[in-house]
Structures are given as C-alpha cells and as structure tokens.
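Worksheet: one structure, shown below.
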Amino acid sequence: MAGATTGVDEIPAEVRERAATLARELEEHRFRYYVKDAPVVSDGEFDALMRELEAIEEEYPALRTPDSPTQKVGGTYSTDFASVDHLERLLSLDNAMNEEELDEWDDRLVRELGTGTFHYLCELKIDGLAINLLYENGHLVRALTRGDGRTGEDVTPNIRTIAEIPSRLRDDGGHDVPELVEIRGEVFFPIEKFDELNERLVAAGEKPFANPRNAAAGSLRQKDPRVTASRPLHMIVHGIGARRGFEIDCQSHAYERLHAWGLPTARHNKVVDTIEEVKEFVRYFGDHRNSVEHEIDGIVIKVDEIPIQGRLGATSKAPRWAIAFKYPPQEVNTKLLDIEVGVGRTGRVTPFAVMEPVTVAGSVVARATLHNQQVVKAKGVLIGDTIVLRKAGDVIPEILGPVADLRDGGEREFVMPTTCPECGTELRAMKEGDIDLRCPNARSCPAQLRERIFYLAGRKAFDIEALGYETAAALTRPAAGPSVLATEADLFDLTAEQLRDVQMWRKVNRKGAAEDEKELVPYFWSKATYDKEGNVKKPSEPKANTLKLIEQLEKAKTQPLWRVLTALCIRHVSDTTARAITGGFHDLDRLGAASEEEIAAVDGVGPIIAGAVVEWFAEDWHREIVDKWRTAGVRLAEEGADEEKPPGLLDGIVTVVTGTLAGYTRDSSKEALEQRGAKVTGSVSKKTDFVVVGDNPGSKYDKAVQLGLPILDDEGFAVLLADGAEAALAWVAERAG
Ligand code: IVH
C-alpha cells in the first residue's frame with residue numbers, strides 16, 4: 001500500500017504517462033465502439049487495457065480522477081455546444097466580384113510589396129461550415145464552430161466522428177508534431193450524397209434539408225454524435241491559427257506538413273507567379289465547378305509567404321493578404337407554385353415543378369422535372385414551398401429541397417393522378433414494382449403522338465427542320481374535330497391542302513392592348529390571316545412554310561435506315577442502338593421478321609433491346625406504320641448493304657467526343673468517326689483510345705486527363721479522320737514533347 005497516500009507529483013513519471021496513454025486509448029476505443037460503431041480492438045483487448053489502468057490506479061489512487069475511464073459509465077456521449085474562445089480569431093474574407101476587383105486587390109499588393117516578391121496560392125472556396133481544431137502534442141483536444149470568429153461552439157464529439165479528421169496527428173518522421181496548433185478548415189456534405197439523406201429523413205418523418213450546406217450544418221448541430229456519425233461529412237483544411245513549436249515559411253508548405261500528419265488537405269490548390277495565372281485558375285474552375293465533389297462558391301487567393309502575410313496584416317474583419325473571388329450562385333430560392341404532370345413519347349407520366357421564374361446560372365428557369373412520384377416524396381417538397389433550385393452551369397435544373405422553416409401551413413402534398421392528363425386513360429405501371437406510371441393508350445393519346453412526331457422529326461431521326469414542337473402539336477391536336485394525323489403512319493401522306501387547315505396558337509397583342517395583355521389567338525400554320533372583324537380566315541392557297549414541310553418530308557424518305565429505325569420510337573432504341581442494329585440488319589422487313597436471339601446476336605445489341613424490338617413489331621398498328629411509310633416511298637433498306645464492307649480506317653478504335661468542334665455538330669462528328677469504323681461511346685474509361693475535346697468540354701475531359709488518355713483538339717481530330725489512329729498518336733506525342 002505504498003502508493004495509497006502518494007500525491008500525483010510523487011508518482012514516477014513513466015507511471016503517470018502510462019496512465020495518461022491508457023486513459024486516452026480507452027476513451028478513443030469507447031468512442032469508436034459506442035458512437036462510430038467501428039471498433040478496432042476486441043472486447044478482450046479493451047478489457048485488458050482497462051484492467052491495466054485499474055491496477056495502476058489501485059496502486060496510486062491519486063490518479064483515479066472523476067474523468068478517468070475507470071470511473072465513467074460508457075456509452076453516453078452528448079455534444080454540449082459550450083461557448084469557448086478560439087485561441088486566435090477566425091477572420092472572414094473580402095470579396096472580389098469580378099476580374100477588375102481582383103486587379104484592384106493585386107494593385108494594392110504590388111504597390112506595397114513590388115512585383116515578383118511573392119506568390120499567389122489559389123484555393124477552391126468550399127461552400128460549407130468553418131471549423132477550428134485544436135491539437136495539443138498531436139492530440140485533437142477540441143473542435144469549435146466558427147461562431148462570431150472570437151467564440152465558437154464546442155462540437156468535439158461530433159467532429160471526432162468524421163473519419164478523415166485524425167484524433168492523433170501522425171508523426172511524419174522528419175518533424176515532430178507541434179506542441180500546439182489550431183487547424184482551420186471547412187466541413188462539407190458531398191453533393192452526390194445529398195438526395196439520399198433527404199430521402200432517409202423524409203422516410204423517417206423528419207424535415208429535409210434545403211441544400212448540402214444546410215445538411216452539413218444540421219449534421220454537425222446534433223446533440224447525439226451517433227447521428228453525426230451516420231452522415232457522410234468531410235473536411236478540407238484551409239488555414240492555421242495559433243501555433244507553438246511549428247515554424248512555417250509558406251502556407252503551401254504548411255499544407256504539405258499537415259498532409260503528412262494525416263490531415264485532409266485540398267487536391268486542387270495551386271501556387272502561381274502572376275495575377276494572369278490566378279485568373280486562369282479562376283476561369284478554369286468557373287467552367288468546372290461541377291467536377292468537384294463539394295459545392296464551390298468561389299476561389300480564395302492568398303499570398304503564400306507567411307512573413308509577407310504578417311507584414312500586410314488585417315483589417316478588423318479580414319486579412320489584406322487574401323481575397324475571395326466569388327462565382328455567381330448556382331443555387332437560388334424560388335416558390336414552387338404547382339406540380340403538374342407531363343406525358344412523354346413512351347407514355348411515361350412525369351411530374352414536373354412549375355416555379356416562379358428565377359435566373360440561375362445565367363438563364364431563367366420556371367420548370368424542373370421531378371422524375372416520378374417517389375422523387376417528389378423523397379425530396380420532401382410540398383406545393384407552395386419555398387424551394388432551393390440548383391442549376392450547375394449547362395446542367396438541367398434540379399430542385400434540391402424545401403426551405404422547411406419558411407412553411408406557413410398552407411402548403412399541400414402532391415398527389416399523382418391516376419388517369420392520363422391528356423386522354424383520360426387509366427395509368428398503369430408496366431411491370432409490378434415499377435415506380436413509373438404510363439398511359440397505356442400509346443396509339444392515340446395526343447400527348448404521346450405529339451411527342452413521337454416531334455422526336456421522329458428530330459436531328460437524331462428524320463431531321464425535318466420544318467416540323468418543330470409547335471407544328472407537331474398542331475398536327476396532332478384533336479380539339480377541332482379529328483387531328484390531321486391519327487398516328488405517325490400518315491405522316492408521309494400529308495398534303496399541302498391538309499396543311500392549309502392546320503390551326504396553331506400564338507400569343508399576340510391585339511391593337512391598342514397593353515404590352516403585358518397578350519392573348520392566345522389561333523392562326524393557320526401557313527400564315528395568320530384575319531378578316532375585318534379580326535376573325536381568322538383560312539388562307540386560300542398553301543404558303544411557303546407549308547411547301548417547305550412537304551419538300552422536307554419528301555427528302556426525309558431517303559434518309560439512312562438507322563434514322564428510320566430511330567424514328568419508330570421503339571423503347572430502348574436510341575440513335576446509337578439503331579446504328580448498331582442496322583449494322584446487322586440492313587432491311588427493316590428482315591428486322592421485323594427476326595427472332596429475339598437473332599437480333600441480340602448483333603454487336604452492341606443486348607437481350608433487352610432485342611426483346612423491345614420484337615415486342616414492337618408484334619403490334620398491328622406498329623406494322624401499319626412501316627407499311628404506310630413503305631407505300632409512301634420511305635426507303636426501308638440500305639442499298640448495297642449486303643456487300644462486304646471494306647475495312648475502315650478506324651476499325652476497333654473507341655472514341656469519346658466532348659464539347660463543340662469547329663465545323664461539326666454533335667451528330668456529324670460522330671458520323672465522321674463511325675463512317676471510318678470507329679466506335680463512339682458516351683463515357684470515358686480505360687478502354688477509350690481517344691478523347692476528342694472541343695470548346696466547353698464537360699467532365700469527360702477531366703476524366704480523360706485523370707486517366708492519362710490521348711486527347712485530340714480540332715487539329716488532332718482532323719489528323720485522326722484523315723490518317724488514322726497511329727498518326728493521331730504521333731500528333732499527341734509531338735504536342736506533349
Ligand atoms: S481562408 C483568414 N480558404 O470562406 C482567411 N476560407 O467567406 C480565412 N472558406 O470563413 C479563410 N474555403 O469558412 C479560406 N479555401 C478557403 C476556404 C475558406 C471556404 C470559407 C471560410 C471562411 C469563409 C469566408
């Protein structure tokens with residue numbers, strides 16, 4: 001019992017240290033077990049550590065403090081959000097809204113420091129939540145939210161659930177971890193995981209989040225850290241606060257050290273010499289905001305050299321050595337006025353949002369698809385809600401979620417209709433368990449017919465320019481008696497006389513009416529003609545656009561077979577699939593008589609497509625379309641098709657095209673490649689031989705760079721088409737050298 005009366009100071013140092021290590025490890029294991037649900041030791045190992053600590057405390061009771069793991073009952077963790085001062089203030093950033101303002105900031109720096117005396121560190125501005133981590137002797141002792149910059153809220157247990165935030169800094173070998181360091185960073189919620197979270201919340205009867213940033217904040221603001229542990233939060237480091245025993249010359253070098261200690265640093269940071277290069281970085285990520293896993297609201301530019309940062313100092317609010325270049329928002333709030341449903345070409349009934357028009361990412365948006373009733377439910381949006389709408393560049397607008405806190409009780413739930421909004425037929429799921437509902441009246445539902453006509457006239461099918469959406473609608477509208485077209489079977493029998501009778505609608509200002517008093521009036525497709533009372537008069541003879549349509553229909557009859565096949569609107573048969581099918585069947589009649597196995601034997605055609613083709617031809621009214629088109633003179637076979645094809649210049653070469661190429665449309669570049677035997681696919685993989693990149697490329701370009709694939713611009717593309725793959729590879733090598 002020698003130690004019974006021993007004071008802490010008299011206990012041998014190695015015993016004290018061992019007890020402290022055991023206490024820390026036990027605490028860590030307990031946290032992993034109860035909160036993260038991811039233990040790394042067995043119960044037996046845990047018990048052995050606990051017994052060792054108990055034995056030490058038995059011998060030296062002074063070590064048995066109330067916060068020792070031997071005195072605590074495990075499993076009750078709760079975040080208390082206590083207010084705690086940051087050791088060093090968290091400043092905010094001044095903004096530059098455009099390149100001129102960036103230049104003004106740079107001018108001030110250059111005036112003060114002279115050119116060439118410093119470097120610019122460019123970083124992405126992560127749209128998340130600032131957090132300040134305090135590490136003492138390599139151990140994470142506290143995590144605070146930003147708060148007002150001086151005082152934050154203690155969220156340590158929650159932060160400890162984030163897998164990539166180390167509870168202990170890894171000793172990087174060369175440098176000891178410092179005695180003390182504050183690490184600042186941004187906690188974020190990955191965009192890709194956001195829908196999943198809202199779906200889970202709504203299913204559990206909880207309020208969904210409006211956007212990923214709110215999801216990050218809400219996930220950190222949990223009393224029970226096990227809830228935070230269930231959310232896929234991430235963090236990226238972007239600064240250092242107070243420090244002891246940590247000397248740094250440049251911020252970028254400091255990040256390297258932090259990375260070596262196991263902290264999550266950014267992948268995209270770049271140090272550059274000139275403001276022009278800064279602008280290039282700003283422009284590049286302005287175009288590639290969507291290729292990053294988190295939302296970016298700008299670029300942060302910092303003077304890299306720490307002593308110069310010190311010299312420049314800060315205002316009361318923000319440092320002079322850094323600035324945030326802000327991008328225009330990709331997210332806006334608007335009102336969800338209604339949810340309507342549309343009927344597509346294949347009869348699929350899709351709910352879509354009708355919103356108060358808003359400008360987002362450079363265009364006015366008033367509608368956004370909601371895909372199906374399950375998506376509406378999963379997003380948790382109610383009609384009347386204020387919602388967050390996201391439009392990432394040229395990507396389709398998407399509703400992220402409702403701002404649930406702004407609800408006033410007047411909102412109502414969307415109810416999926418049970419009958420077709422256009423023809424009244426009862427809606428059905430194709431198969432049991434299908435989420436999508438369809439209108440089974442494929443032949444005569446005016447909506448389906450209109451969408452089919454519009455599609456078959458499109459660039460990927462017959463390519464009939466004079467047959468746009470309004471015309472397709474007018475030709476299929478049953479309002480005044482039967483529509484001009486009962487089905488697409490009659491398309492090539494249209495006469496100028498029939499077209500003269502087609503009525504359309506348009507918005508006009510009657511004489512003397514105010515600018516915003518537009519009204520819908522009918523007019524004849526060939527020309528608006530009115531009598532003295534302002535009533536519509538039929539034109540006496542066909543006008544120019546009527547004749548243009550007739551002429552273009554005539555020309556369409558000789559389109560290649562794959563275009564005819566695409567125009568038939570068979571499920572799963574896109575233009576690419578149609579090209580594959582006509583590679584094996586050069587005659588529509590032979591295709592119609594073929595079995596599923598025969599069709600599936602064609603390269604690039606699977607059993608699902610083959611099944612859909614056979615099913616399509618089994619329908620009488622479908623075969624009638626083929627028969628009537630044939631009678632009208634549509635070419636249904638490829639001439640000389642059965643002759644052996646000479647080997648193409650690009651046989652077996654797999655290509656991907658992204659962006660706009662000078663002198664080509666999306667289709668014509670594809671055609672040029674396919675004519676030479678190349679395969680054109682939609683996604684970049686290790687199997688891709690060449691990625692052809694035009695102006696404004698998408699994320700495929702980034703993927704190609706990542707995989708180190710040969711990339712061709714307009715010039716390289718011309719080489720590939722003219723001289724083949726080897727010449728194109730030589731062109732790439734020459735450019736790289
Ligand atoms: S540096 C003294 N770098 O933006 C410099 N901040 O609007 C302070 N943020 O409070 C910040 N990404 O939470 C910096 N790469 C980045 C950032 C970043 C996001 C946040 C940060 C800051 C806010 C200022």
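Counting starts with 1 at the first residue shown.
Placement of Cβ uses the backbone N, Cα and C atoms for every residue, glycine included.
According to TrEMBL, the features are:
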BINDING   D43, G44, E45, F46, D47, S92, L93, E123, R146, E186, K302, K326  NAD(+) binding site
ACT_SITE  K125  active site, N6-AMP-lysine intermediate
BINDING   C420, C423, C439, C445  Zn(2+) binding site
DOMAIN    645-715  domain 'BRCT'
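C445 (Zn(2+) binding site) carries neither a helix nor a strand DSSP state and counts as coil. Using DSSP to sort the residues of the domain 'BRCT' (645-715) gives these counts of helix, strand and coil: 21 helix, 15 strand, 35 coil. Taken residue by residue with DSSP, D47 (NAD(+) binding site) is part of a helix.
In sequence order, the list of same-chain residues 6 or more apart from D43 (NAD(+) binding site) whose Cβ falls under 8 Å from its Cβ is empty. Cα of C445 (Zn(2+) binding site) to Cα of the residue listed as 'active site, N6-AMP-lysine intermediate': a distance of 50 Å. Sequence-distant neighbours of C439 (Zn(2+) binding site) (same chain, 6+ residues apart, CB-CB distance under 8 A): V343, G347, V349, C420, E422, C423, T425, L427, C445, A447, Q448. Highlighted here are the recorded positions (D43, L93, K125, C420, C423, C445) whose C-beta falls below 6 Å from ligand 1: L93, K125, in sequence order. Other residues of the same chain near the Zn(2+) site, with their Cβ within 8 Å of the Cβ centroid of C420, C423, C439, C445, are V343, G347, P421, E422, G424, T425, P440, N441, P446, A447, Q448. Mapped onto three states, the DSSP output places C420 (Zn(2+) binding site) in coil. In sequence order, V300, A318, P319, A322, I323, A324 constitute the residues six or more apart from L93 (NAD(+) binding site) in its chain with CB-CB distances below 8 Å. Taken as a whole, the domain 'BRCT' (645-715) shows an average pLDDT of 87 in this prediction. Within 10 Å (C-alpha to C-alpha) of K125 (active site, N6-AMP-lysine intermediate) lies none of the binding-site residues E45, D47, R146, K302. Taking all protein chains in view, 23 other C-beta atoms sit within 10 angstroms of the C-beta of C420 (Zn(2+) binding site).
In sequence order, L90, L129, A130, I131, N132, G152 are the residues of the chain that are 6 or more apart from R146 (NAD(+) binding site) and have a CB within less than 8 Å of its CB.
Other Cβ atoms within 10 Å of the Cβ of D47 (NAD(+) binding site) number 11 in total over all chains. For the binding-site residues C423, C445, the greatest number of Cβ atoms within 10 Å around a candidate Cβ is found at C445. Secondary structure at K125 (active site, N6-AMP-lysine intermediate), taken from DSSP and collapsed to helix, strand or coil, is strand.
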